[in-house]
């Protein structure tokens, strides 16, 4: 008889490392029981039909089992399949068990349970196969969804049952109980209740006929709950833009199928050997009702391209890594001369000799030996409607010149049907003219000849008058050297435009001819009812626009005094104020705002075609000087841009610019609770982006932590307190179809109801708000706490939420940075400020990822101290600072900090490393107490940003 050695079965997914009843620990190499037997060594279990990954819904206990079982991956209409496994290289009786495990590596026990024809009370399914057919098909499997409220107890029970089964005991030791408690806590953090996998384990009979010989288990593909937003396939439906600048920052509206706002990103990539990829910039608040994303394009990896470059973009889930089909996106080269000023300046300048031949006007000169006026003329586009400069002239040869540039042939060629009061001359072929003359009687011919002679006399008189005036102007110019003498005669020609639509005044501004500008303006103003001063070229630019673009301050002032209209917009909807701010020219902005016509509120708050007013552009350009000038001139610091209703403070928070946000709040008194069209305050944006520094500053300056946006969350528990938990499960699950705006699936909805109902009710009591059944709005909106995924931000918000356990009145703030002694900070500052390049405070700022503050503090008396205060405000600690100094090679600084009393007090070998705020990711999971700062460290973190701009004492949240 063959001897079979059995290693006792042990479940590796529940109790790794727990000792057996004999006191011997299980080696990790023996976690999967092995059957040692010559005939059984080659036996194995395999999945021949995977379960369908998407489209199957998990159900709650109260709903009963599903009407249809979990289908197979290849199942289709008319051909149903189900999950199927088979034992190979073995013939005989066997038992196959199926249970649920997590979608982690390695898989671990899952809280959900299986139901079906062969299921038991423990949530497993067991079937017996053999000896003829070793295939097991599971055609009636259902998955029971548990709530987070019951998740802990179910996991404990499953783990206890596995240990008792594997050890053969009836009770657990205290050590085992504690290990289970800790493992359940860890398991809850990584378990996704919307994803499960099937674990199939085959048991073969031993010598006693008991099914104890286990083959290595096999794990199925992940199965997604169809009610979860993460279960749907990613798909891009539409984009409003498929090309953008190589420098990035273009706003794109993308429509898609249902996504989760905190588990989605837009990835740009190149499918080549370089492997470049980047991600679109957006916050959870930029995801609209799970079906639209508004993001800004990332910059291309190189700015120097001479032709358009096509890349790909796709939607990607952060957790599972699922991606959508790729779409093409084109980066076009950077526009170096968007206003085309440099292109026009590079044109060949005219010379004196250009006007000897083929002059562009009757007085432009003629070739030697030719009569006056027979030189080739150009068609002049007279757009000025008030002009009346048409004239005729004759020559000895009988020809003449019309103001439109056409030559007259014979006066007798006039059309006999002409009935206009003002005579005109038509051009005909000579054959047609001869025929017309021969058919006209002598009386008509005499009349026409007289009429023609009269026209010629009038033309000669006009030409003579113009010649006399030009001659006198030339003599006067020779006497006075004043070019206006010559310009006055041809003042109506100042409306002439070239191929770009530029008038002489445009060209004078482009080429910086200040004296010519002055002379032209004076001549133009002498024309009654003229509009030449405000004429636009083909780019919709007036001379005033060009003066601002080319930064000619005196010219801009002169044009405004002359009556130039500052309200005219260019092709992008930019006023002169927009242009000055976009070029970061605060001096030009000051010149413009001195004139009442520019400082009018309707102009100073006028948006461009993108909906942005000058104050919004000042924030986007990070220019505090322009911002101050505009606000002092009457600009609305809380002005809402037209696309989404963001105020300048919203934009500063969106840019993660702490310095500018503090400046807006403390210096310019921006509304800290201003709302966008979607009801989001700046605090919503800061929290959703996971920024502890901005969040702390806003709440300390009075931001309303309890403010709700307009996006509904899961509804509150029913007013009927007698409603059972299972009933609420059904109600929440079925009602989720009616408020699909929420990003949570049905399980999350139930979990929120079970776990957070008391907290939500308490929050509403603090705001004197009744539950939704007594409110006009059926569902409550998201608060900043609801939007954040950062534990640090959540801690900051909870400290400033009235009524919360961690909330307390604001006390005195610590004076010392990182609780270090004053002399230690001073010595460290001296060491860094006197350090060489690469080992100074700017290098420290770069390594701490706070390089954006270098410009802010470089001219202050204590830049190092200011930098360290911001580092502390971001959640940094002393240990990380020491590690950073060590990486910079500043051993003296490391030694200085290690000798400090603060380091000696708090340092211990077992101290866990804290992750600083600027290293935190937006998707960080809830951290256990072992990963957070201890109480002594928390007390050293300041709760205010007052050190940044110490003017007034900040107020606590409402």
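Cβ coordinates are placed from backbone N, Cα and C, and glycine is handled just like the others.
The domain 'RHD' annotation in Swiss-Prot covers 40-230. What Swiss-Prot records for 343-347 is motif 'Nuclear localization signal', and it gives sequence analysis as the kind of evidence. If you look up Swiss-Prot, you'll see 500-529 marked as repeat 'ANK 1'. Annotated repeat 'ANK 2' per Swiss-Prot: 539-568, in sequence order. Look at Swiss-Prot and you will find 572-603 tagged as repeat 'ANK 3'. Swiss-Prot lists 610-639 with the feature repeat 'ANK 4'. Summarising the annotation, Swiss-Prot assigns repeat 'ANK 5' to 644-674. According to Swiss-Prot, the feature repeat 'ANK 6' maps to 678-707. Taken from Swiss-Prot, the feature compositional bias 'Acidic residues' covers 724-734. Marked as compositional bias 'Basic and acidic residues' by Swiss-Prot: 753-766, 904-916.
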Residues in the repeat 'ANK 1' (500-529) grouped by DSSP into helix, strand and remaining coil: 19 helix, 0 strand, 11 coil
Three-state composition of the motif 'Nuclear localization signal' (343-347), taking helix and strand from DSSP: 3 helix, 0 strand, 2 coil
Positions whose Cβ lies under 8 angstroms from the repeat 'ANK 5' (644-674), at least six residues beyond its ends: 283, 294, 615-616, 618-620, 622, 624, 627-628, 631, 637-638, 680-683, 685-686, 689, 691, 693-694, 697-698, 701-704, 707, 852-853, 856, 870, 945, 948-949, 951-952
Residue counts (helix, strand, coil, in that order) that DSSP gives for the repeat 'ANK 4' (610-639): 16 helix, 0 strand, 14 coil
Helix-strand-coil residue split for the repeat 'ANK 2' (539-568), DSSP-based: 17 helix, 0 strand, 13 coil
